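Let me begin by presenting the structure, written as C-alpha cells, before commenting on it.
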Amino acid sequence: MSNYTERVLKMVKDRNPGEVEFHQAVEEVLESLNPVFEKHPEYEENGILERLVEPERQIIFRVPWVDDQGQTQVNRGFRIEFNSALGPYKGGLRFHPSVYTGIVKFLGFEQIFKNALTGRPIGGGKGGSDFDPKGKSDQEVMRFCQSFMTELARHIGDKTDVPAGDIGVGGREIGYLFGQYKRIKNRYEAGVLTGKGLDWGGSLVRTEATGYGLVYILEEMLKENDLSLNDKKVVISGSGNVAIYANEKVTQLGAKVVAMSDSSGYLYDETGIDLELIKEIKEVNRGRIKEYLEEYPEAEYSEDYSDIWSIDCDIALPCATQNEMDAVGAQKLIDNGVIAIGEGANMPLTSDAVKLVKDNGVFFIPGKAANAGGVATSAIEMTQNAMFDEWTFDKVDQELQKIMVNIYKNASKVAAKYGLKGDLAAGANIAGFLKVANAMLDQGVV
Ligand code: GLU
C-alpha cells in the first residue's frame, strides 16, 4: 500500500477498535486505490479518503418492545448515514443477532461504492438491529418494527435517507415499518422505504432483483469470455431472497443448481434442486431447508453448511452472508475446477479466499458489482414513486439488465485503464470511488 492508504487504514483501525468487518471492507477498497492516488494527488490534498471512511452521521438507539408473554424486551437499533455525495443515503436494514456497529459500518461502506456503480443518484447508508426475527410471532415482529420506526422516523425521508430490506427484513417488515412511518408523519411518502408491497407503491421485480441481477452480470462476463451458462453446474449458498432468485434465473438460462443451504446445513440434490419446494419451505412457511428431505428423501443433507464448497461445480454463488467462504472453501472449489464465483451476499469471501481465487485465474465478480441489482431496482422503485407511476415487469427487468451490463462494462474498462485488466474487484472499487470522490471534490469540504 502507498503511504496515503496505509495511513488512512491505520487511522480507521485505531479509531474503530474491534470492528473487524469494517476494517476488512475498508482494506479491500483501499488496496485497489493506490494507482488512482499516484495519478491524482488532488484526492489526497483534499482529504477525500479521511472523509470517506468516517460516516457523516451514526445513530444508535434503544428499541423497547413487549413480547407475547408480556415481558419487556430491549434491542439496539442502528442507522449509519455514511455518504450523501451522490444522493440521499440509501441502503437496507438488517435484523440479526450478529448486528453491531462493525457490521453496519462495513455494509454502509460497501453500499457507497455499490450505489455509485448503479449510476443512480443514491448515497450510501445502512442500518438494522440485533433483534432476531427467528421464532418470533407476527405480532412480536410488528411491535418491534413499530418501536424501531418510532425512533428511526425522525432521521429518514424520501430525500434524506431511504432504508430497505436486508437479512431478516423482507416484505412483512417493510410493511410494518411503513405503516408506522405514515402514522407518525401523517404523510404518504412512498419513496421513504423501498421493497414495499406491490399494491402500495412497491416495484415489480424488486423481490427478484438481487438474484436476477447477479445472474445478468455473470452471464455478461461469461459471454465476454466466450462462455455461457448452458449446462453449467451451480452451487448456491443461502436460501433467502437472493439465493432463491439467483437459482430461478440461472435455471431459466440453462444451468442446473445442485445445492443450497441455510444457517443449519446444506442440501445436495444431484438431479437439480426443486425450487418451488424451496420457495414453499422458505417464503411461505419460514421453515428450515432440511424439510426438503420429506419430499425428496434421496437428496443429501449435511449440518456442516460451510462444507457446501466441497461440492463439484462450475459456478459458485455465495448468497448467504459475510465471510461464509474462507480459503479452505475456495481451495476446494479451485481443486474441483470452478470457472466463476459471483458474490450474491455482501463480502461473502474472506480476504484470503479472494486472493486465492484471483491467483488461480477464477473469474470473480465482487459483491459491489454482483449484488447491485437489488439497490438499483430500489432506485427504480423511487423513480416510480416520484413519478406517481407503476412500470410493467418487463420495463423494470430490462432496465435492471441494462444496469448490470453497464456495471460489468464500466468495472472492466476502468480496471484495464489502471493496468489491472480482468480484475473486476479493483475495477469496481476504482469506478465507484472516482464517482463519489469527484462529487465530494465538487461539493467542497463537507
Ligand atoms: N440490502 C440490499 C443491499 O445490500 C439492498 C439495499 C436497498 O435496496 O436499499 O444492497
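Every residue, even glycine, has its Cβ placed from backbone N, Cα and C.
Because TrEMBL annotations are produced automatically, they should be read as predictions rather than curated entries.
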Further substrate ligand in TrEMBL, beside Q111, K114, G165, S378, within candidate set K90, K136, K355: K90
Filtered recorded positions, from K90, K126, D166, N241, S378, whose Cβ is under 6 Å from an atom of ligand 1: K90, D166, S378
Number of Cβ atoms other than its own within 10 Å, given for N241 (NAD(+) binding site): 25
Neighbourhood of S378 (substrate binding site) by C-beta distance under 8 A, where only residues 6 or more apart in the same chain count: K90, I122, V162, A164, T194, G195, S203, R206, A209
Maximal Cα-Cα distance (Å) across residues annotated as binding substrate, namely K90, Q111, K114, G165, S378: 16
